Amino acid sequence: FFLQSIDVQVHENVLQFRAQGHGAKGQNEYGFSLEFLLPVKPEVSHKSTQRQVNITVGKQQRGWWERLTVRERKPVFLAPDFDRWLDESDAEMEIREKVRLNNCFVSLKTGFLFVYNLVQFLGFSWIFVNMTVRLFIFGQDSLYDTFHTISDMMFFCQILACVEVLNAAFGFVRTAVIPTLIQVVGRNFILFIIFGSLEEMHSRPVVFFVFYLWSAVEIFRYPFYMLGCFDTEWKTLTWLRYTVWIPLYPLGVLAEAVAVIQSIPLFDETKLFSIPLPKAIGTSVSFSYVLHVYLVLMFLGLFINFRHLYKQRKRRFRTKKRKAN
């Protein structure tokens, strides 16, 4: 017995089967329909052998069925797969185990995200408070030693921020990967390449403004995420999280651009990160050319991230208005 041109479809909870087959009575067309007892998914798969056709259909909702079809009597041609058969108690235990594992995974994910956001909040809060106190105590003098007093904590926070890219990539959080990647890579470029590699930049006031603007945004963002781990919201914090970035984010990018511009003559002078060319040419390409390109990309990234953040804000408060109405 051999089947050809098998067509299996599920429409409005009814499975339709059609096939051409060559059996004892020659070539014939075979077909049947089954109306399921409860809703099933429209996706269906099948596998044909010389003895049978295995058809797999998924339930819309997990649970025990008293029988397969609306009709109480089972069709004579229909046979269950006893290798996968579960009685009612087995099915309930399987469902409970899957729910337990899923709840365990959700709890671990929630705990991980909460701890991550808590650590980042404490780190950036320490930076913000420390810089504010030093500004009030030492005045303008505090602008010149920001890197020496704050950089270790900023290095820690920004290295840890790479986790946010992984969270977005693996679906731990519902956010776009590209805007997150732009922000993390952009900040680390400024921190490690512009500030970290040039000792002459350590005492520049621009370091203070970059660090201060970064931390001013994050001390509202991370506690908002912490509350979100438990589906909790504080309206004032929500408003601040979706509003303070409007002036602070462009100012932060402007401060980063100033830092890049100030570093260009230093890279030309020190030849740091210069790209060597063949000996026949006898020179090298200064890293400052890369920085000129980076300046253009920086403002392109500002446009992408600003549009992304604006859409987030618009979507958030539009949803709130709808719920209020």
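Each residue, glycine too, has its Cβ placed from N, Cα and C.
Just so you know, TrEMBL annotations never went through curation; they're auto-generated.
According to TrEMBL, the domain 'CS' annotation covers 1-69.
Annotation source TrEMBL lists transmembrane segment at 110-133 (among others).
The transmembrane segment annotation in TrEMBL covers 153-173 (among others). Among residues of the same chain six or more beyond the transmembrane segment (153-173), those with a C-beta under 8 A of the stretch's C-beta atoms are 109, 112-113, 116, 119-120, 123-124, 126-127, 180-181, 184, 187-188, 191-192, 196, 211, 214, 218.
Per TrEMBL, the feature transmembrane segment maps to 180-198 (among others).
According to TrEMBL, the transmembrane segment annotation covers 210-230 (among others).
Under 8 Å from some Cβ of the transmembrane segment (242-267) lie the Cβ atoms of residues 186, 190, 194-195, 198, 200-201, 204, 206-207, 209-210, 213-214, 216-217, 220, 273-274, 286-288, 291-292, 294-295, 298-299, 301-302, 305-306, 309, 312-313, 316-317, all in the same chain and six or more residues away from its ends. Feature annotation from TrEMBL assigns transmembrane segment to 242-267 (among others).
Taken from TrEMBL, the feature transmembrane segment covers 287-306 (among others). Residues 178-179, 182-183, 186, 189, 249-250, 253, 256-257, 260-261, 263-265, 267-268, 272-275 of the same chain lie 6+ residues outside the transmembrane segment (287-306) yet bring a C-beta within less than 8 angstroms of a C-beta in it.
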Report the DSSP secondary-structure composition of the domain 'CS' (1-69) as helix, strand and coil residue counts.
0 helix, 48 strand, 21 coil
